[in-house]
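Here the structure is laid out as structure tokens; the discussion comes afterwards.
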Amino acid sequence: MTSAARKVSVLLGAQWGDEGKGKIIDFLIENHKINVTARCQGGNNAGHTVVANGRKYDFHILPSGIISPTCFNVIGNGVVVNLDAFFSELAHNGVLSEPGWEKRIMISSEAHLVFGVHSQVDGRQEDSLAAKNKIGTTNRGIGPTYSSKCFRNGIRVADLMADFEEFSEKYRRLVEHYKKQFPSIEVDVDGELARFKEHREKLAELKLVGDTVGFIHEQRTNGKQVLIEGANGALLDIDFGTYPYVTSSNSTVGGACTGLGVPPTAIGSVIGVVKAYQTRVGTGPFPTELFDADGEKLQSIGKEVGVTTGRKRRCGWIDLFLLRRSAMINGYTDIALTKLDILDTFPTIKVAVGYKLNGQTLTAPPAQTNAWGAVEVEYKEFEGWMEPTVGVRKYEDLPEKCRQYIQFIEEFIKVPIVYIGVGAERESLIVRQKQ
């Protein structure tokens, strides 16, 4: 690798997911000449919504750059790939009707495959937990697929593209492994294999599988701009999230390196996407969650319904104590603050600035699960601006009280807020110069 190779940018959700990453990625592709977008982790448990070209796109496993005719799209080795979902999503978003789409996407041969049996196991494992211990999984088989990867009986895309008899034997062994744990599982092995044979033929015909590590390094060497697109959110990271109520991969910046074969020294900027308030899907700790009219108002105005699950999102005030931790771990160089306009009609707005546990001020979030329930939140209160921000395109045109809110967040986490979302459309974005 030459020293002239271009640095990559990484975009991550800084909270519990659903921060509005798709909108920011879409803006960057259109305005910063992004040549390659790359997914590095997760699977079709993610959900990105992009509103562009007069229509709404929903992405779960596809990189958001797929809607741009000039952008190449990579699904990296760290992603777990459900091929049924992959082809279905291409059709649902109208990609298959675009000429030459297959020349703009590559799936890593080293990515692991998600099978129907993984989804069944996901559901069985969740059902076996007591109500208070349920994780709130999407039942897409993501966790069990990563478990197979670690157990070393996982099956990769390369296996599918090689000798099909060997692939079939590996698959049968995988099913038997799970049937020993869950005897009630019913799997149409022959039907599943027939479907994967069709997938194999389609992948080969369209030449969709390749060496994504080599491709990205080649693009960098040639001076192309690569944007790595994180899924889920930093507070759902398997190591640094609110364990065990987390996803099954590293959704922090380290996942960009391990999930694509990109060295840490190749990362030039890390953009953290932050919603102006806090949301969470499923179970797990949420110290600033609101159970009153304000919470219902955030849910209603913000249209807080999960793209992947269809579940209503839990809503609360933004948690700067957790956001500062997120910034510490990921080294954000820029922040994109989204959905600021949702707060336009709130006369009082709160932000969490600290935690106490048993009367003691905490310097870090609790590492022990049960401790979260006893956390006391320290808030700072702001007077709402009570003016519409939708349509504003310059930072100085925002209401003064709104700017005070933004400035406080910046100063608390010590990262500049460069992008401010004030509406769903692509153009509903304020771009600030770094101070």
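Just so you know, glycine gets a Cβ as well, placed from its N, Cα and C.
These features come from Swiss-Prot:
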- Asp18: active site, proton acceptor (ACT_SITE)
- His48: active site, proton donor (ACT_SITE)
- 17-23, 47-49, Arg313, 339-341, 421-423: GTP binding site (BINDING)
- Asp18, Gly47: Mg(2+) binding site (BINDING)
- Asp18, Glu19, Gly20, Lys21, Asn45, Ala46, Gly47, His48, Thr138, Arg152, Asn232, Thr247, Arg311: IMP binding site (BINDING)
- Val307, Thr308, Thr309, Gly310, Arg311, Lys312, Arg313: substrate binding site (BINDING)
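Features as recorded by Swiss-Prot, highlighted on the structure.
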| residue | record | Cβ within 10 Å |
| --- | --- | --- |
| Asp18 | active site, proton acceptor | 27 |
| Gly20 | GTP binding site | 22 |
| Lys23 | GTP binding site | 27 |
| Asn45 | IMP binding site | 28 |
| His48 | active site, proton donor | 27 |
| Thr49 | GTP binding site | 18 |
| Thr138 | IMP binding site | 24 |
| Asn232 | IMP binding site | 31 |
| Gly310 | substrate binding site | 9 |
| Lys312 | substrate binding site | 14 |
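All protein chains shown were included, and the count of other CB atoms within 10 Å of the CB of Leu340 (GTP binding site) stands at 25. Residue density at Val422 (GTP binding site): 24 other Cβ atoms are found within 10 A of its Cβ, drawing on all protein chains shown. You'll find the Cα of Asn45 (IMP binding site) roughly 16 Å from the Cα of Lys312 (substrate binding site).
In this entry, Asp18, Glu19, Gly20, Lys21, Asn45, Ala46, Gly47, His48, Thr138, Arg152, Asn232, Thr247, Arg311 make up the residues listed for IMP, with the farthest two CA atoms of the set 34 Å from each other. If you measure from the Cα atom of Arg311 (IMP binding site) to that of Thr49 (GTP binding site), you get 15 Å. Fewest Cβ neighbours within 10 Å among the binding-site residues Arg311, Arg313: that distinction goes to Arg311. The closest partner of Val422 (GTP binding site) among the recorded positions, by CA position, is His48; the full candidate set was Gly47, His48, Thr138, Asn232, Lys312. With respect to their backbone Cα atoms, Asn232 (IMP binding site) and Thr49 (GTP binding site) stand 13 Å from each other. Gly17 (GTP binding site) has a Cβ environment of 31 other Cβ atoms inside 10 Å.
In terms of Cα spacing, the recorded positions Asp18, Gly20, Gly310 that come within 10 Å of His48 (active site, proton donor) are Asp18, Gly20.
Between the CA atoms of Lys23 (GTP binding site) and Gly310 (substrate binding site) there is a gap of 19 Å, rounded to the nearest whole number. Taken residue by residue with DSSP, Lys23 (GTP binding site) is part of a helix.
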